[in-house]
Structure formats: structure tokens, C-alpha cells
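Notes follow once the structure below has been shown.
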Amino acid sequence: MLTIEQEIYDAIVAHARRDHPDEACGVVAGPEGSDRPERFIPMVNAAGSPTFYEFDSTELLALYKDMDARDEEPVVVYHSHTATEAYPSRTDIGLASEPNAHYVLVSTREHGNSEGPVEFRSYRIIDGVVTEEEVTITPTQKTQEASTP
Amino acid sequence: MAIEVRIPTILRTYTDGAKAVEGSGGTLSALIDDLEGNHPGIKERLVEDKSGSVDLRRFVNVYINDEDVRFIGGLDAELADGDQVVVLPAVAGG
């Protein structure tokens, strides 16, 4: 199960809406081993594409070094689908390389850049096997550390 | 000659869970061969055969002292004692 705070959930959805019709992508980091997604880090989709996403390689290194320095790991890896359902594509499954992460898929196919409900689903992707999991949204904690992208 | 190599989570099955290992080699290619000697199977995850020649896998990023090796010669990129190598799988999908 993925447990995520309302504020971070909203930030992921807002990012997906903003970048529609291109795919949006990013990470929510959290303390290693905690399974708590705490620090929202939107990333640039270097592919700038409606059907593909990829973190820029230099930004990827900076991200991982930063998480390393903070004893964090990517608890959530998210991206959007802009014309299809919020289910991992064959490419998503083939390239998934964080066995401890929750892979969040948001679909903006219904409302695009506009307000309106979006599909928000979470999966484990391990060795090519996709397992969908429940998403629980909790009220935002006041003590949450401010995050800088 | 010791070179520190940072190993991503997904490849730690080859390093008994170690986040970093040491290797040696004058080029990235030689380093990967050296790693393969101590961590059999890891090479296959880093490189692939592309029309007869071996190259880095498209969705594996390797950095030498924070430089993406694709900009400094790929597998022929030169290494020296004390260099730090970081391996990171691409975060990508469709």
C-alpha cells in the first residue's frame, strides 16, 4: 500500500496537468527504509514527449547524490500518461529499476490541463511483474519539511 | 589501482548488497571487465552487443567524477586511480 499526504498527492496531479499533453515525471523521496514519501521533486522530462519520459542524465546524478547525502531513497517514482490509462506500459515495466519504489501513474487523458478528476494509481514493478496496490491519502502534516525541487 | 564504483539498488544482487565496490582499469571497458571478475553477471547488465560492437546499454548511465561517460568517450573513457564511478539506471518509461 502507498500512503501519501494530500499535499504531495495534489502536487503530483498539478504537475501532470501542467505538462499535459507531454508526460510529466518526478520522484518523492523519503528516509531510507521508511516507506514515507516526504520530499516532492518534480523532474524535467528530457524526452519532452507525449509517449515517453526520461530524466535528464545530469539531473539524475544530481538527484541521486542529493538523496544519498540526505540518507533518502526514491519512495515514489511518478509519471503521467496523457492519452492512455494509468497503468504501466510495456516500456515502463521493462525499464523499472527501483524495486523498493512505488510506481505512481497519473492519467490526464480525461481532462488534460483542466481541473477534474484524474486517475491516480500505484504499483510495485519487480522483475517485470506489476502489482497494483491501494493508495491511502492522509492529511498533510504541519511539520513536513519544505522541499525544494 | 583503486576506483570506487557506486552500485545502484537494482544491481546490488551482484555485490552482496554493497552500495559501493572497488575496481581497477585504465578505461571504463577495462573496469567493467574487472568488476565482472569479482561480481559475475554484472557486465551483462551494463553493456550490450550493438551490431557487432559492445556498447553501454541505452538505459544505463555511467558517470566518471560526475561526468556522463557518453560525453567523454563511452566505454573508452579513461580512468585513473582515485576516480569515482557512479552507475545509475535511467529513470524512464513510456
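Note that Cβ sites are derived from N, Cα and C of the backbone, with glycine treated the same way.
As given in TrEMBL:
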type: DOMAIN; residues: A:2-129; note: domain 'MPN'
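Looking at the domain 'MPN' (A:2-129) alone, the prediction's average pLDDT is 97. Across the domain 'MPN' (A:2-129), DSSP helix (H, G, I), strand (E, B) and coil residues number 33 helix, 45 strand, 50 coil.
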